[in-house]
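Notes to accompany the following structure.
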Amino acid sequence: WYHDNLTRHAAEALLLSNGKDGSYLLRKSNEREDLYSLSVRGKDSVKHFHIEHTGTSLKFGFNEFSSLKEMVMHFANQPLIGSETGTLIVLKHPYPRQVEEPSIYESVRVHTAMQTGRTESDLVPNAPSLGTKEGYLVKQGKIVKNWKTRWFTLHRNELKYFKDQTATEPIRALDLTECSAVQFDYSQERVNCFCLVFPLRTYYLCAKTGIEADEWIKILRWKLSQIRKQLEERNATLSS
């Protein structure tokens, strides 16, 4: 579960998409050579903790451990406090390196903002929704074919769009398990467009740049591939 050159954002994306409460991994810190970062998922956020390697021991906050195994055993029973939020986290599930890690996550901005709170029970009900990708896109209307800017968030298997970034209720939530394809679209007069194909409607979206459109397409396609893989595994289990 040591991920050598994984970035902070990539660690967040992997743990949010594939991990569960208590999933953790270790990675290099980009601050100092002797520093490592322990990234841990607690509920719907990821917290990062510094670990200093002295050569003979590991320093973690006020604690010092002779080995990484000793430190993990300690925090498997003794909860970590997730920085200023007061979230309680226990190390339960190591996130192995030998898994499919999409390189597209390097370019994905992960939103993990949490509202302040004293305890986990206070915090979690008030936490804002999280997305593995979010941003403004221009969307074509269903009946009147005009184009309007909307705020999009991608979280798990849902793509939601809102009137703007400040809106709390989405205009619509698209279930990606019903989506059959995501691809660049050249049928519109606008540039940097792509479309999502659903049984009853095809959604046409445009990004500001070609790079941004490519990021959306890659992560959405990866989501669809994961959905298909899960469906195939479920069908295989049922048939056996």
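Just so it is clear, glycine is given a Cβ too, placed from its N, Cα and C backbone atoms.
Listed in TrEMBL for this protein:
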type: DOMAIN; residues: 1-95; note: domain 'SH2'
type: DOMAIN; residues: 130-225; note: domain 'PH'
So what pLDDT does the domain 'PH' (130-225) average out to?
-> 89
Summed over the domain 'PH' (130-225), the DSSP helix, strand and coil counts are 19 helix, 41 strand, 36 coil
